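These notes are about the structure you will find just below.
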Amino acid sequence: MEIITNIKQLQQKSISWIRQGKSIGFVPTMGYLHEGHEALMKAARQENDIVILSIFVNPLQFGESEDLNSYPRDEEHDRKVAEENEIDVIFFPSVDSMYPKPLSLELSVVRRADVLCGKSRPGHFDGVVTVLAKLFNMIHPTSVYFGMKDAQQIAVVDALIKDFNYPINLTTVPTVREKDGLAKSSRNVNLFDQERIGAPFIQQALQYGRQLVENGEKNQAELVKKIRQFLENKSHGNIDYIELLSYPELEPIELIDQQVILAAAVFYQKARLIDNVVFNEKGEKTLG
Ligand code: PAF
């Protein structure tokens, strides 16, 4: 496994692999790797000749009041996990090399971003697509791997790839969960004990909503109201949002008559957790 910090060196390597006809699987991350990331690495390893993992905590996608400085980091652990998962290259750039001076040009997401996390985190997805466009241009991946936990991110990346004609396959990998159903996240370490006990109710609330649809509930507003009541009673956190939208378009709907995403975000004292379930009009899970 090679660790590359230099952008030119990475570009030269990628181009030489492409010339040799090798497929490149790319797993973009912000590090502090957990089983969710490992599922992405395993999928990429199975499907590609070369696997590149990037670790970069991208300042552009954090708002001023957000957790950029307290975002967990552990280089040594990440190196070990990457090695165990037979990664060929870790790309580990510095902030200065990615953004040597303020950018003169940034991408702006005009659809799929003003709902769910995008609403509570203005500018977040602009930062995500801007760094991904840079990374795609450095790596030229054949396929890129994302976890379903960040379903809105997948919808936005789907638009980036299609709208900007990147010849990249977008592969989505199901959310990896703790035994009690809590979605694995780098932010889970920031939960206090009582919060950790309440956090699995986020997924339970979403599954409860899906079951209501299975049992015939079709009204979006009714459904969201019932899930809110469920979650308020159990989660020990403050609900940021519970939303039900079409997926992947992320448009508001009144009647559940197509594939939808039911998603929630909950604030805890030192963490904000998200989760979702994607299902069809019959309440059958379709993704993740
Ligand atoms: O999901 C993440 O970890 C980040 O948003 C990503 C895709 C690595 C871009 O910085």
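Even glycines carry a Cβ here, placed using N, Cα and C.
The Cβ neighbour count for LEU33 (ATP binding site), using a 10 Å radius over every protein chain in view, is 24. According to DSSP, LEU33 (ATP binding site) is assigned to coil rather than to any helix or strand. Taken from TrEMBL, the feature ATP binding site applies to 30-37, 147-150, VAL176, 184-187.
The active site, proton donor annotation in TrEMBL covers HIS37. Within 10 Å of the C-beta of HIS37 (active site, proton donor) there are 26 other C-beta atoms, taking all protein chains into account.
Cβ contacts within 10 Å of GLN61 ((R)-pantoate binding site), excluding its own Cβ and spanning all protein chains shown: 21. Per TrEMBL, the feature (R)-pantoate binding site maps to GLN61, GLN153.
Feature annotation from TrEMBL assigns beta-alanine binding site to GLN61.
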Residues that sit under 8 angstroms from GLY36 (ATP binding site) by C-beta distance, when 6+ apart in the chain: GLY147, LYS149, THR175, VAL176, ALA183, LYS184, SER185
Those binding-site residues listed as MET30, MET148, VAL176, and which of them has the most Cβ atoms within 10 Å of its own Cβ: MET148
Neighbour tally for SER186 (ATP binding site), based on other Cβ positions within 10 Å of its Cβ: 19
